[in-house]
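After the C-alpha cells below, expect a handful of questions from me.
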C-alpha cells in the first residue's frame with residue numbers, strides 16, 4: 001500500500017515539475033518612454049522579468065538592476081547582438097539595442113547559467129529607419145550577428161573597454177576572497193564531523209563528536225554561512241523557474257540536512273535502522289562545492305588574459321607638439337584620451353605610440369609584434385602609417401594623429417575579440433538544448449530514483465532512496481556542459497588575437513578547420529601589393545615620357561595599386577599630370593579618360609586615352625600586334641609585352657586617340673612568406689587557387705614562384721564570387737583570402753572570408769577572419785588554431801556528456817544489484833566539483849598548447865574546366881558593352897541607380913558588384929533612394945554608417 005501511495009505522489013510531483021518548468025510563461029510588455037521601449041530587469045539569482053515582449057524595429061532600453069555579487073551574473077550576453085555587458089554588483093546598467101525583426105532573442109549570464117528572453121513582435125518599421133540606426137542590422141536570421149552599442153551607466157569607461165575588464169577582475173577577486181573565507185569556516189567545522197564519520201570504526205574518537213546534537217551545532221555555520229550563497233542562488237533560480245547547478249546542490253544538501261535534523265530531534269518517527277544522520281555529507285558537499293568554485297574562479301580568471309593584455313598595451317599619455325602665437329613649438333604631455341585627430345605627436349626612442357597616425361618627419365624602426373604578431377621591426381619614414389600601442393625603436397618620430405579613441409586599430413581589435421568571445425559556436429547549440437532541460441530532468445531522475453528504491457530496494461529502503469536521490473542531485477553538473485564551448489572559444493579567440501589572427505565570430509573560429517580549398521587573390525595577398533613601374537615601351541615616334549604622362553593622367557583618379565604605380569613613376573620623372581575632363585573605370589579592364597584638346601599630341605580636338613589590358617583596347621577596336629617598338633630590332637610591342645609577362649610582370653597597354661601608344665610593365669614582388677604558407681596549406685591537404693585580373697603569363701609565373709598550380713587569369717571582380725560559388729557547388733568548403741574592395745563579394749560568398757589586415761576597410765568588414773600582419777602564414781595559423789580549439793571543445797563536451805551520462809546512473813544505484821555499490825553523497829559532491837574544474841583546466845590548456853598542423857583531410861578534386869566554363873572573355877566583353885559608361889568601383893553613389901533604368905541591374909554601394917535587384921540579399925531606403933546589396937556582410941557595413949559608405 002505504501003508503495004502505491006509513493007507512486008501516486010511521485011506521479012503528481014512529476015506532473016507539477018513538468019508544468020512548473022515547461023509551461024508557457026507570461027511576457028512582460030515593455031513601456032514606451034519617449035519613443036524608446038524600456039524595461040527594468042532585476043538581477044538576483046535570475047532575471048525578473050525573464051520574458052520581455054517588445055516591438056521589432058524600434059529601440060529597446062533594458063535597465064539591469066543587479067542586487068547581488070558573484071561571477072555568475074556579472075555579465076549579460078546577447079549573442080544575437082554581439083553584446084557582452086558588465087553588470088557591476090549593486091548597480092544599475094543599461095543596454096540599448098533594436099531587434100531587426102520579429103522573433104526570440106535570448107540573453108544569458110556570462111556562465112550561461114541564468115537565462116532570459118526578449119520576444120520581438122511585428123511592428124511598423126521602415127528600411128530608412130533601420131539604415132539610420134546603428135543598432136538595426138537588417139532582416140537577417142537570428143543566428144547571424146547584428147551590431148548594437150551597449151550604453152554604459154555606472155561610470156565612464158576607457159574608450160578601449162578597459163574599465164569593464166577592470167570591474168570584472170575586481171569583482172572576481174572579491175568573490176574569490178569571500179569564497180576563501182567561507183571555505184575556511186566550512187573546513188574548520190566539517191572536519192570534526194567528517195573524520196569520526198569516516199574513521200570512527202577504525203580509530204578511537206572522542207565520544208562527544210559522535211553525538212548528533214554536537215554534529216548539528218558544528219554543521220549549522222557550514223549550512224547557513226558557508227553555504228548561504230549556494231542556497232540563496234539555488235533557491236532563487238528555482239523561484240525564477242530557471243534552475244542551475246546551485247539549485248541541485250541546494251536541493252540535495254537541504255534534503256540530507258532535513259533528514260538528519262529529523263534523526264536528531266525526533267528519531268522515534270523513523271524505523272530503528274534508519275536513524276543515522278548525514279551531517280558529514282552536508283558539510284563535505286558544501287565544502288567541496290566552495291573549493292571547486294574557488295579553483296574554477298582562479299582558472300577562469302586566465303580566460304580574460306587576452307583582453308587584459310590588449311588593454312594593457314595602450315599608453316596612458318601622449319607627448320603633443322603645440323605651436324604658440326609667437327610660432328615657437330612646445331611639447332605637452334596629455335592623457336591619451338585627450339588626443340584629437342590632427343594633433344602632432346612626438347615619440348622618443350623606446351616609447352609606445354599613443355594613437356594611429358602618419359609620419360611627418362623622422363625615421364625609426366617600430367616593433368608592431370604586439371598588434372600584428374610579426375617579430376621583425378618595420379622601418380617607418382615620412383608618409384608611412386603608424387599603429388597605436390606599437391613600440392618605437394632607436395629613432396625619433398613626429399607624426400600626425402589620424403585615428404584616436406574607439407577608431408584606433410587597437411580599439412577595433414579589442415572590440416572584434418570581445419565580439420567573437422561573446423558569440424556562440426554552432427557546436428554549442430546541442431549543449432544549450434540539453435542544458436535547457438537538464439536540471440528539471442535531473443530532479444525527476446532523483447525523484448524516481450527514490451521511488452525505485454522505495455519499491456524495490458532492501459531495508460531500510462527509505463534511507464537508501466534518500467541517499468541515492470541526494471547523490472543524483474549532487475553529482476549532476478550542468479556547469480560542465482555550459483562551460484565546455486564558451487571557455488574554449490574565449491581562449492581560442494584570445495590566442496588568435498595575440499598571433500595577429502582576428503576571428504569575427506565563434507562560427508568563423510569553428511568553420512576555419514573544415515576548409516578544404518583556399519582561393520587567393522594575387523595582388524596584395526600573394527604579392528606585396530606595392531607595384532612599381534619596371535619598364536615602358538612606346539611606339540615609333542612617341543616619346544616615352546609622353547606615354548607615361550598620358551597613362552598617369554588617366555590613372556590619377558584611380559585607387560588601384562597598378563594605377564598608383566604609374567602615377568608615382570610620373571612623379572619620380574617630374575612629369576606634370578593633366579586633369580581629366582571625364583573618365584570611366586571599366587571594372588576589371590582599365591580606364592577610359594577624356595582630356596582637353598592638345599593635352600598630349602597638340603591636336604585641336606579632345607584627347608582620348610585608354611589605359612588597361614588587351615580586352616579593353618580590343619573592345620575599342622584597337623589592334624595590338626602590328627605596331628613596332630621605338631627601339632632597334634624587329635620585335636613588336638605585342639612580343640615585348642609577352643616576354644615581360646613570361647617574367648612575371650603585369651603589362652598595361654596605352655592608346656591615345658584610337659591608336660596604340662605603348663605598353664608599360666609593372667612588377668609586384670612576391671611576399672617573403674607566401675611560398676612557405678602555400679606549401680603548408682598543401683601539406684594540410686588544402687587545395688589552392690589563385691585568381692587575378694592579370695594576364696595568363698604573369699599569373700602562371702607568379703603562381704609557379706609560390707607553388708600554386710591552379711591559376712585563373714584575366715577575370716573580372718564579379719567573377720571571383722562566381723568562382724567561389726562554383727567551387728561550393730562542387731562540394732568544396734571554400735576560404736577566400738583577399739585585400740581589396742573588389743574582393744568583398746567573394747569574401748562574403750565564401751564559407752570563410754579572410755581579409756588581409758593591410759587591405760581596404762570594405763574587404764575587412766566583409767571577412768570572417770582578419771589577418772592583421774598581411775602575411776599568408778597567418779592564414780595557416782588561423783586554420784591550425786581553429787583545429788586546436790575544436791579538439792579542445794570536443795574533449796570538453798565528451799567529458800561533460802560522459803561524466804553526467806555515467807555519473808548520474810551510478811549515483812542512482814544501477815550498480816547496486818551487481819556489485820553492491822551505492823555512491824556516498826560526499827563522493828558524488830567531490831566528483832561534481834572536479835567535473836566543472838576539469839573542463840576549465842582543459843580549456844586553459846589551449847592557451848599554451850603548441851599548435852599542430854591540421855590533420856590532412858581527403859578533398860575531392862577540383863574540376864577546373866567546369867570552373868572556368870562560363871567565364872569566357874566574349875561574355876565579359878558583351879557584359880561591358882551592355883553596361884556602357886558604368887563607373888564600376890569608382891561610381892559615385894548618385895549614379896548607382898542609373899543601371900537599373902538601362903539594364904535592370906544595380907550596383908552594391910559597398911563592394912561595387914553589379915546585381916539583379918530581384919535577387920538581391922537585402923535593400924535599404926536611405927535619404928529618398930533605394931540601395932540593393934549582394935550579401936548580408938555588405939548590408940552590415942552599410943547599416944553601421946550609411947553616410948561613410950556613400951561618401952566613399
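Cβ coordinates come from backbone N, Cα and C, glycine included.
If you look up TrEMBL, you'll see 6-23, 183-203, 209-228, 248-266, 278-295, 437-456, 462-485, 797-819 marked as transmembrane segment. Residues or ranges marked as region 'Disordered' by TrEMBL: 119-171. The compositional bias 'Low complexity' annotation in TrEMBL covers 128-143. Feature annotation from TrEMBL assigns compositional bias 'Polar residues' to 144-163. According to TrEMBL, the feature domain 'TRASH' maps to 908-946.
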Of the listed stretches (183-203, 209-228, 462-485, 797-819), which one yields the highest count of Cβ-Cβ distances below 8 Å with the transmembrane segment (437-456)?
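So the stretch in question is 462-485.
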Taking the transmembrane segment (462-485) as reference, which of 6-23, 209-228, 797-819 has the most Cβ pairs under 8 angstroms?
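Stretch with maximum Cβ contacts: 797-819.
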For the transmembrane segment (797-819), what are the same-chain contacts with Cβ under 8 Å, counting residues 6+ beyond its ends?
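Same-chain contacts beyond the flanks: 427, 431, 438, 442, 445, 449, 452-453, 457, 464, 468, 471-472, 474-477, 480-481, 484-485, 828, 831-832, 835, 838-839, 842.
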Who are the long-range neighbours of the transmembrane segment (183-203) in its own chain, taking Cβ under 8 Å and residues 6 or more past its ends?
209-210, 215, 218-219, 221-222, 225-227, 279-280, 283-284, 286-287, 290-291, 294, 826
Would you report the average pLDDT that the model assigns to the domain 'TRASH' (908-946)?
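For the domain 'TRASH' (908-946), the model's average pLDDT rounds to 76.
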